[in-house]
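So that you can see what the record holds, here are the features copied from TrEMBL:
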type	residues	note
BINDING	Gly38, Gly39, His40, Asp55, Phe84, Asp105, Gln112	S-adenosyl-L-methionine binding site
Amino acid sequence: MKVTKNRLFHQPVLLNEAVEFLKVKPGKLYLDATLGGGGHSLRIIKKGGHVFGLDQDPEAIAYVKKHFKNVCPNASYTICQGNFANLEEILKKNKISKVSGILFDLGVSSHQLETDERGFSFQIDESLDMRMDPSLKVKAGDLINGLHEKELIKLFSEMGEEPLSLPIAKAVVLDRKREPIRTTRQLAEIVKKVYWRKYRGRSKIHPATKVFLSLRIAVNDELNNLKKGLKQAARVLESGGRLVVISFHGLEDKIVKNYFKKGETEKCLQILTKKVVVPTLKEREENRRSRSAKLRVAVKI
């Protein structure tokens with residue numbers, strides 16, 4: 001596997017804010033449901049907390065195991081590969097019934113975006129993959145070449161909130177009749193041509209951003225997994241424990257916001273962030289990927 005040169009496996013977003021909201025107590029157990037590069041977990045460990053780190057990406061698991069051996073060899077932590085949609089079952093297998101705090105840092109990691117062969121980015125010409133867990137059967141290329149036009153329109157509009165879903169879907173179907181769309185560059189160019197005809201190239205973000213987002217969400221079933229994960233998180237969280245969630249696009253944030261509101265109505269959660277927390281200007285300037293991040297926190301009653 002060929003990896004682009006990058007100083008960090010993943011640069012954690014809202015690191016200080018997320019860990020402060022967890023209110024880490026020495027000796028207590030905290031679930032990092034999206035381990036990534038281990039940045040949030042390492043801060044929890046440094047504050048004296050025990051960590052159960054979970055991630056579906058085997059490359060993240062391998063990296064953190066090696067990294068933690070070097071930087072905190074005597075710390076108390078457990079690292080496990082798995083999807084947070086199954087967190088209750090995973091914790092049970094590890095003889096854990098309750099945790100004192102839970103963190104979800106949603107979205108894709110820097111490593112996944114910048115690593116060849118993962119197919120997440122239109123900045124690198126590679127196979128259309130986008131699986132966070134390599135054991136998943138369906139790749140992005142399977143969807144882009146296999147879905148009917150109406151299914152593509154629905155995917156792009158509902159999962160990516162793409163305003164040009166119809167012409168993009170038509171262009172995809174037309175192009176794949178000539179030859180299969182196998183690479184990220186091929187797909188990005190198709191979308192760019194549609195945007196050029198409509199807007200003459202004027203776009204605040206890369207034209208393919210929302211199409212790629214919709215495919216990634218679909219391949220990894222991200223929205224359904226988030227709903228499952230949040231429900232289970234509330235059950236395994238001890239009374240007084242905090243649930244901290246960092247989202248990166250509107251669909252994720254809406255799910256989190258609605259779940260917290262429902263929990264407050266049912267008197268099992270209390271929302272601590274009446275106004276969503278966003279990165280500081282300094283963080284947004286230093287880490288462009290933090291720009292869309294939103295943090296919400298609730299406490300178990």
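Heads up, the Cβ atoms here are built off N, Cα and C, so glycines get one too.
Shown on the structure are the features that TrEMBL records.
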residue : record                               : DSSP class
Gly38   : S-adenosyl-L-methionine binding site : coil
Asp55   : S-adenosyl-L-methionine binding site : strand
Phe84   : S-adenosyl-L-methionine binding site : helix
Asp105  : S-adenosyl-L-methionine binding site : strand
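Within 10 Å of the C-beta of Gly39 (S-adenosyl-L-methionine binding site) there are 22 other C-beta atoms, taking all protein chains into account.
In the shown protein chains, 27 other C-beta atoms lie within 10 A of the C-beta of His40 (S-adenosyl-L-methionine binding site). Long-range Cβ neighbours of Asp55 (S-adenosyl-L-methionine binding site) (same chain, at least 6 residues apart, Cβ-Cβ under 8 Å): Thr34, Leu35, Gly36, Ile61, Val64, Gln81, Gly82. In the shown protein chains, 28 other C-beta atoms lie within 10 A of the C-beta of Gly38 (S-adenosyl-L-methionine binding site).
Non-local contacts of Phe84 (S-adenosyl-L-methionine binding site) by the CB criterion (under 8 A, 6+ apart in sequence, same chain) comprise Ala33, Thr34, Leu54, Gln56, Phe104, Asn225, Lys228, Gly229, Gln232, Ala233.
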